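Colleague: The region 'Disordered' annotation in Swiss-Prot covers 1-31. Taken from Swiss-Prot, the feature transmembrane segment covers 37-57, 58-78, 85-105, 110-130, 157-177, 186-206, 223-243, 247-267.
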Amino acid sequence: MASTDPGTGTPLDESVPGIKRAMRQSTKNTPRAGRNLPAAIAVGLSIGGVLVATLVFAPRIWVVLCAGAIFVASHEVVRRLREAGYVIPAIPLLIGGQFTVWLTWPYRTVGALAGFGATVVVCMIWRLVMHDNSKQHESREALAGPPVSNYLRDASATVFLAAWVPLFASFAALLVYPKDGAGRVFCLMIAVVASDVGGYTVGVLFGKHPLVPRISPNKSWEGFAGSLVCGTTATILTATFLAGKTPWVGALLSFVLVLTCTLGDLVESQVKRDLGIKDMGRLLPGHGGLMDRLDGVLPSAVVAWTMLTLLP
């Protein structure tokens with residue numbers, strides 16, 4: 001039986017443009033949870049190898065990786081928003097995102113907040129002078145002409161995006177600066193990967209009870225339990241032996257990180273559902289876009305930095 005849109009009662013593949021085509025393209029050579037598993041594993045191992053080598057031999061290169069990820073992920077979301085009719089000031093958003101992460105190097109959290117604040121202010125002004133129908137050529141600005149329409153919608157989406165990607169990712173960069181910074185980054189990334197792998201595996205094998213079916217039909221309570229078990233085990237070990245924290249801090253951190261990973265995934269799923277798309281991009285075979293792999297990492301980075309900084 002086809003899923004229906006809760007607001008209209010019409011079949012979901014008819015009520016949300018692009019879903020039917022995306023579903024048809026994604027079902028070929030994919031398992032139950034919708035991934036091309038061999039490609040996903042190959043890409044995941046490649047990314048993991050780069051991260052491990054970076055953190056072991058040159059930890060500060062992590063900031064470069066964060067900056068690159070911010071640019072690519074922000075561009076993916078901007079493109080999708082524009083396809084849906086939003087008028088997003090991409091130039092100041094992408095440049096401001098770089099300032100947000102790079103200012104963490106000399107100024108730490110103050111730099112991240114200053115970069116984010118400046119990005120928001122410039123984007124709000126930029127949107128005022130953009131042509132509503134100029135989605136590809138932002139240099140065509142005008143201080144006169146027809147009144148700006150949908151300003152609140154577009155400005156709100158821009159501020160949301162500036163917080164969601166550059167600001168949240170800057171906390172991932174902040175993790176690497178202390179003496180045990182590499183261990184802290186390992187703690188974050190291993191926790192996220194363990195939560196994702198545990199949830200995916202258990203969900204595919206045993207998932208029967210949907211977690212939030214109206215947002216993400218493939219997620220199940222059984223998968224969440226798998227995330228909790230795997231994420232908790234991995235985080236306690238990494239927080240204790242790599243970040244130098246007590247086991248109770250690792251246990252508390254693990255529980256919160258599993259929640260933020262799951263909620264981050266659900267937030268991106270809802271955004272994609274609003275936009276009528278399956279993936280943010282096609283950069284990573286078996287995964288979708290880069291943003292589709294960062295959905296759980298971004299909010300988890302904020303939590304990881306906060307708890308690893310404040311707790312003994």
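From the backbone N, Cα and C atoms, a Cβ is placed for every residue, glycine too.
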Colleague: Where else in the chain does the transmembrane segment (110-130) make close Cβ contacts, counting only residues six or more beyond its ends and a cut-off under 8 Å?
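Modeller: That would be 87, 89, 91-93, 96-97, 99-104, 138, 141-143, 148, 151, 154-155, 158-159, 162-163, 166-167, 170-171, 173-174.
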Colleague: Looking only at residues six or more beyond either end of the transmembrane segment (223-243), which have a C-beta under 8 A from one in the stretch?
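Modeller: Distal contacts: 180, 182-184, 186-187, 190-204, 206-207, 211, 249-251, 253-255, 257-258, 261-262, 308.
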Colleague: Do we see three or more Cβ pairs under 8 Å linking the transmembrane segment (58-78) and the transmembrane segment (157-177), pairs being at least 6 apart in sequence?
Modeller: yes
Colleague: Under 8 Å for C-beta pairs, could you tell me which stretch among 37-57, 85-105, 157-177, 247-267 has the largest tally with the transmembrane segment (186-206)?
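Modeller: Stretch with the highest Cβ contact count: 247-267.
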Colleague: Which bits of the chain, at least 6 residues beyond where the transmembrane segment (157-177) starts or stops, bring a Cβ under 8 A of a Cβ in it?
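Modeller: Sequence-remote neighbours of the transmembrane segment (157-177) are 55, 59-60, 62-63, 66-67, 69-70, 73-74, 77-78, 81, 86, 88-89, 93, 96-98, 100-101, 104-105, 108-109, 112, 115-116, 119-120, 123-124, 127, 184-185, 188, 291, 294, 297-299, 301-302, 304-306, 308.
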